[in-house]
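Scroll down for the structure; my scribbles are underneath it.
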2 protein chains.
Amino acid sequence: MISRILAADLPAHAGRRVRLAGWLHRRRDLKSVSFLVLRDRSGLAQIVLREPLPEAAEETVLAVTGTVVLNDQAPGGAEVTDPEVEVLSAPVAPPPFDLYRPVVGGTLPTILDHAPAALRHPRLRAPFEIAAAAVAGFRAALDGLGFVETSTPKIVASATESGANVFGIDYFGRPAFLAQSPQFFKQALVGVFERVYEVGPVFRAEPHDTARHLAQYTSLDAELGFVEDHRDVMAVLTAALTGMHASVAERAGSATALLELDVPEVPGEIPSIHFAEAQELVARHTGEDPRGEPDLAPAHERFLGEWARREHGSEFLFVTGYPMVKRPFYTHPDPERPEFSRSFDLLFRGLELVTGGQRLHRHADYLAALAARGEDPEAYGGYLAAFAHGMPPHGGFAIGLERWTARFTGAANVRQTTLFPRDLHRLTP
Amino acid sequence: MISRILAADLPAHAGRRVRLAGWLHRRRDLKSVSFLVLRDRSGLAQIVLREPLPEAAEETVLAVTGTVVLNDQAPGGAEVTDPEVEVLSAPVAPPPFDLYRPVVGGTLPTILDHAPAALRHPRLRAPFEIAAAAVAGFRAALDGLGFVETSTPKIVASATESGANVFGIDYFGRPAFLAQSPQFFKQALVGVFERVYEVGPVFRAEPHDTARHLAQYTSLDAELGFVEDHRDVMAVLTAALTGMHASVAERAGSATALLELDVPEVPGEIPSIHFAEAQELVARHTGEDPRGEPDLAPAHERFLGEWARREHGSEFLFVTGYPMVKRPFYTHPDPERPEFSRSFDLLFRGLELVTGGQRLHRHADYLAALAARGEDPEAYGGYLAAFAHGMPPHGGFAIGLERWTARFTGAANVRQTTLFPRDLHRLTP
């Protein structure tokens, strides 16, 4: 038996006998000829049959052996003639939408209910090819900077990020929780590897039914030691994003072409503005005065995104120095203006995409920070222990992969860029 | 300020002023001179001080600026003289073991209780450098074969592998479970991407307190479509292992050197023996007769491992065709001997390391397999739905990363190769 080739490779085999395998994407039976369109992971191939193929519904799995003929009219510029067709596996039911149409009909809930079938559609599959390429680029960038990849526990004894919104587990009869982030572990591991990253699931029991909340998402977490301040973290994030975009351009070209996406350039140095200046800019230009507010409103983030594009030609903008009151207890303050932090948000097209910053590193500073917030240090015993033995100045960031992919592809709902999303209402498939 | 360099790079900077940063690994105060050993992620560096450094305990985080002098007596062949030493962060307590000793004293429970400190020891850290390199090699091998990396849900509505040993979750007031494997998702995604892999956590509520059971481990899962049979899966697994070993040799050389490990060769074709023949071999050579048993005993796996080394010069051995009764319901039978399966185990040094095989792909075959086991197809509704729309012949495998690392490094307990293990008794740190 000849080895299988992929649809995209047909033109290189013109004149030869080849074997294809894939799904029957579409069939058209004319009087004296039938056209089958076969779909495989590389794309589509047209098969020309002199006699109709009996009883093969769309999504039938086929192997086809035939002769490659160049034809400008065929998808990809070549087609297969004189085929022998073998049915490998027949569907028992049609999907509730036509996969051969340019856009899948049906509501988002229907599509998500039938995700194993819906994701076969090239347009619905494309975001995940882009996401996989982006993750590969993230890793390559951080590997090149001496980071070590880790896998840390997703079952924890206590919630570190915020007491609410955690999923409870019965852990051999004891209460436990699903980790909301690898924050504690990645900080502790700065003491071991200095530079670590993790690509893994995080869990948020957020009772929000919105287009951007998920109960599980994939977090690209990084943390590094021996920083001067948050700007060293921003430089690593810039390198990570540069790697992600480069990898998408290199590895997911057919997905970006199908979705008609430009891969935006990541500036060598992403423009940056302090939170206080950002508020002044908003006050000066929008007629609203947010000064004194501890956070930026979505409309103000959008304004800043437009400002960055206009003034700096950048789709990205760092906003630094968010007020301490809105940041987690482990955030490092700005020593010169202690009400502000050494933290940042990265806006992409006017939407918050990444949060990060420098963390506290001295044991005494953690005790003071918890006391100032009226928190009991006892509840953070395990967390604090890691800082008892000498930790360098450090910081890090986390990118939500599904949100990144939604922003990058222009998807309106983060569920369109999540494989089998989990939310307030959805637990299957 | 000069940029920081790493300890391992000292010899390249002989005669120059450099800046190092790291932990005070060890100090020796003599009458007229003090030696500090600084530890960073690359290794150790000796600092020569003409006056004693006051009050700096081991594990103090230091930055040192000084002049590099080549010295064969110093670790790495160079040392730093005329240093200016800056304390970046002081420990508030010593770890309960000396990190500067060649081997960490203390029992495994003490080490695990203080993992953030214990993992700083180069010998305890080394297995994780090896694991990270292995995962990178796994990905590189599968990326090169056209696989797509995925992230799938860890919260599921029902248990597919076995009803017992799952962790229950309160999912917004509904019962749910932690995924025991991505088995369902990776099979469903063969219909989308044809070839997928995932590196992620899996959860087993196994009430076993042994040296090899964990409540969470990292599974390297792969699944591929359009296979002829399980041998295509074995070929991909062989490529994955080859990539893992090559990457360890390339990226974790200092860790393997420290642990005095040889990186064993993965044969181009790993020897393979059918389960029935393996039993006959055991009967012929060991005086025991396991024929009729549905599985191999550990002692027989060890015998087979020795046999493979002796007869084939291989540390690896595939055992194929395990009896259907001991395999999950989705296993594809051998059409010629339906009591045997198209599955395999991979033995490494006489211990089972990987399980895999061809899966059923026809909807009707799933219904028949569940009926034959007296299982209710209703309970597998979501799983079965993925097979209703045409699935190609496919198969896959899963490698437990922590077990792989334990076998590779010779660790007696899988907890030594797990970052912050979770087990029947342990939920912290």
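Yeah, the Cβs are placed from backbone N, Cα and C, and that goes for glycine too.
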Quick one: which of A:167-170, A:183-186, A:379-382 does TrEMBL have down as region 'Aspartate'?
A:183-186
TrEMBL ATP site partner of A:R204, A:A205, A:E206, A:R212, A:H213, A:L214, A:G400, A:L401, A:E402, A:R403, selected from A:E250, A:E260, A:E265, A:E352:
A:E352
Looking at the domain 'Aminoacyl-transfer RNA synthetases class-II family profile' (A:138-429) alone, can you tell me the average pLDDT?
95
For the region 'Aspartate' (A:183-186), give the DSSP counts of helix residues, strand residues and coil residues.
4 helix, 0 strand, 0 coil
For A:T355 (L-aspartate binding site), just count the other CB atoms lying within 10 A of its CB, please.
16
Reduced DSSP assignment, A:T355 (L-aspartate binding site):
strand
Considering only CB atoms and a limit under 8 Å, which recorded positions from A:P75, A:E352, A:R359, A:L401, A:R403 lie near chain B?
A:L401
Where A:R403 (ATP binding site) sits in the secondary structure, as DSSP reduces it to three classes:
helix
Protein Cβ atoms within 10 Å of A:E206 (ATP binding site), excluding its own:
16
Residue among binding-site residues A:R204, A:H213, A:R359, A:R403 with least C-beta crowding, 10 angstrom cut-off:
A:H213
Just the number: how many Å between the Cα atoms of A:H213 (ATP binding site) and A:R204 (L-aspartate binding site)?
9
Sequence-distant neighbours of A:E352 (ATP binding site) in its chain (C-beta under 8 A, six or more apart):
A:E301, A:D345, A:L346
